[in-house]
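Q: What follows is a structure written as structure tokens; I'll ask about it next.
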Amino acid sequence: MTETAQAAGVDFHCHLDLYPDPEAAIARAEAARIYTLTVTTTPKAWSRNYELTRRTRFVRAALGLHPQLVAERAGELPIWERHLPETRYVGEVGLDAGPRFYKSLDTQKHVFRTVLEGCAEAGGKILTVHSVRSAPAVLEMIEQYLPRDRGTVVLHWFTGSKSEARRAATLGCYFSVNTEMTRSDRGRALVAGLPIDRILTETDGPFTQIDGRPSEPADVKATVAAIAEVRSVPVDAVRTAVKSNLRPMLT
Ligand code: MN
């Protein structure tokens with residue numbers, strides 16, 4: 001990812017390896033010229049994703065261990081550590097304190113701490129972070145284990161409060177916003193208040209839908225329009241901001 005001028009949009013959190021035909025999904029993102037960060041949910045999935053994106057122009061892979069899979073996959077943490085030098089992008093990582101995953105929260109915190117410390121030691125990593133029902137703990141850990149000058153955090157599908165969003169911005173975090181976030185009053189109020197210089201777009205496809213089918217990177221055009229509508233600004237203003245916010249993630 002080098003020339004932002006060529007980009008038609010940004011999908012900073014997508015799971016292209018979970019589509020029925022990942023290679024075709026990658027090819028469509030390339031053809032649409034969408035800078036896409038395709039995250040992995042387990043360290044064992046990394047090598048294939050990495051291979052598929054080594055020669056792409058707009059699509060990059062991130063090395064992750066999804067908090068919802070930590071209960072079964074925490075044993076893959078040494079694999080995550082081994083692959084870290086191969087990439088600048090890390091995710092999907094973070095915490096999930098929702099009812100289904102609460103039981104593994106202590107293990108999730110151990111994994112997330114190891115990830116943050118590994119990134120701090122390496123320096124220059126960019127992380128896409130999940131924080132369902134756990135924004136305060138996620139922010140606490142970022143503050144404690146990943147100094148601002150040692151890495152960049154993008155909070156994906158952030159659903160914390162406005163004051164938690166302010167705290168995150170103070171810590172240097174970015175926010176990748178998807179269309180789902182602009183559908184509730186609470187989400188709209190949150191998206192309206194985020195600092196414009198910290199906003200990126202995402203689909204989290206295939207876990208979100210548009211017109212009854214899984215979202216794809218090219219659908220971020222609708223996300224840009226939705227953000228513009230929520231903030232009462234021209235679509236171009238959001239498009240330009242997102243592209244300029246992406247720039248430090250590429251150099
Ligand atoms: Mn995701």
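Keep in mind that glycine also has a Cβ here, set from the backbone N, Cα and C atoms.
Copied straight from TrEMBL:
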type: BINDING; residues: H13, H15, E92, D204; note: divalent metal cation 1 binding site
type: BINDING; residues: H130, H156; note: divalent metal cation 2 binding site
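If you look at the structure here, what lies around each of the features I listed?
A: Taking a C-beta cut-off of under 8 Å and a sequence gap of six or more, H15 (divalent metal cation 1 binding site) has these contacts in its own chain: T38, V39, T41, E92, D204, G205, P206, F207.
Cβ environment of H130 (divalent metal cation 2 binding site): H66, P67, Q68, E92, V93, G94, L95, D96, H156, W157 lie under 8 Å away, each six or more residues apart in the same chain. Reduced to three states, the DSSP call for H130 (divalent metal cation 2 binding site) is strand.
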Q: Give me the count of other Cβ atoms within 10 A of the Cβ belonging to H13 (divalent metal cation 1 binding site).
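A: The answer is 29 other Cβ atoms.
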Q: Including all protein chains shown, what's the count of other C-beta atoms within 10 A of the C-beta of E92 (divalent metal cation 1 binding site)?
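A: The answer is 25 other Cβ atoms.
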